[in-house]
Amino acid sequence: MKIGFIGLGIMGKPMSKNLVKAGYSLVVRDHNVSNEAELVELGAIVAKTPKEVAEQVDVLITMVPNSPQVKEVCLGANGIIEGAKPGLIVIDMSSIAPLASREVHDALAAKGIKMLDAPVSGGEPKAIEGTLSVMVGGDKAVFDQCYDIMKAMAGSVVHTGDIGAGNVTKLANQVIVALNIAAMSEALSLATKAGVNPELVYQAIRGGLAGSTVLDAKAPMVLDRNFKPGFRIDLHIKDLANALDTSHEIGAHLPLTAAVMEMMQTLKVDGQGTSDHSALACYYEKLAKVEITR
Ligand SMILES: NC(=O)c1ccc[n+]([C@@H]2O[C@H](COP(=O)([O-])OP(=O)(O)OC[C@H]3O[C@@H](n4cnc5c(N)ncnc54)[C@H](O)[C@@H]3O)[C@@H](O)[C@H]2O)c1
Ligand SMILES: O=C(O)[C@H](O)CO
């Protein structure tokens with residue numbers, strides 16, 4: 001089966017490599033053509049536009065930053081909608097606004113193209129290992145048809161509801177991750193300011209109730225002063241903005257998310273938008289005048 005893959009960035013590149021490893025033939029495309037080279041070495045064909053990708057494949061995965069890019073790739077000039085063969089399935093694995101997923105789904109459906117929204121969690125390390133968590137919205141029969149493709153990149157693939165439910169699930173994930181990083185930063189700045197070694201605090205608590213996947217992934221990055229992304233603050237701001245917009249649309253309340261959003265915005269203004277989201281610790285360090293390090 002031929003699969004298209006559009007968006008070969010930090011996540012898309014290792015995800016598409018895992019599809020090649022699983023035996024699928026790929027047609028790829030990225031705005032930044034230098035991102036295509038490693039896939040070409042593995043035998044992938046390059047197409048010049050999303051339309052050209054769609055003309056050649058049965059299933060097409062998109063992994064781009066946000067809703068405007070998904071709309072452009074799917075519905076824009078030379079977009080997927082212009083090149084799709086009958087029966088094409090689009091799996092959008094980007095993290096975007098649930099409302100945008102529904103809009104793109106409906107526009108594609110009007111042309112007979114099926115779509116799932118299937119964002120992921122686990123970051124670059126799990127994308128490389130092929131152990132991502134995939135959260136999927138859309139028609140259950142289409143989900144069943146695409147399960148093996150998504151499983152080739154993932155440890156778990158869970159259908160959470162109709163179209164848009166994948167991205168609602170991802171917004172919930174992003175709220176939990178952001179608040180966990182803030183809690184970790186707040187706690188480690190307290191310990192450091194109190195004169196207790198934050199590395200020892202981390203080692204002491206990681207096996208207790210405060211332990212978490214986020215703590216184990218992000219505390220070592222802070223302690224090593226390694227803020228190379230991973231997942232950029234800019235992209236997490238995008239997700240929290242989508243969460244806050246969605247909460248306003250439906251009448252949910254996200255006061256803690258709003259507070260962490262404000263902290264991330266402050267870091268972006270300070271020039272740290274392209275740092276890993278673990279750099280949220282720097283917000284606390286600046287206020288407490290400490291450095292959380294080994
Ligand atoms: N980095 C992570 O840890 C992580 C984890 C889970 C989910 N995500 C989500 O996955 C998505 C991708 O994230 P990423 O970290 O790989 O970002 P990235 O910026 O590294 O990659 C995005 C890629 O999309 C390409 N692109 C953008 N617009 C395009 C277009 N119109 N046509 C073709 N290519 C286009 C860019 O050139 C880039 O290579 C985002 O929605 C992000 O929120 C990221
Ligand atoms: O869950 C994740 O992988 C990170 O929060 C980035 O989306």
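Positions of Cβ are set from backbone N, Cα and C atoms, glycine also.
Annotated features in TrEMBL:
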ACT_SITE  Lys170  active site
BINDING   4-18, Ser95, Lys238  NAD(+) binding site
DOMAIN    2-161  domain '6-phosphogluconate dehydrogenase NADP-binding'
DOMAIN    164-282  domain '3-hydroxyisobutyrate dehydrogenase-like NAD-binding'
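This view paints the features noted in TrEMBL onto the structure.
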| residue | record | DSSP class |
| --- | --- | --- |
| Gly4 | NAD(+) binding site | strand |
| Ile10 | NAD(+) binding site | coil |
| Ser16 | NAD(+) binding site | helix |
| Ser95 | NAD(+) binding site | coil |
| Lys170 | active site | helix |
Original post:
Among the binding-site residues Gly4, Gly7, whose Cβ has the fewest other Cβ atoms within 10 Å?
Top reply: Gly7
Subject >> Within the domain '3-hydroxyisobutyrate dehydrogenase-like NAD-binding' (164-282), residues counted as helix, strand or coil by DSSP >> reply: 90 helix, 2 strand, 27 coil
Original post:
Highest CB neighbour count within 10 A among the recorded positions Lys13, Lys170?
Top reply: Lys170
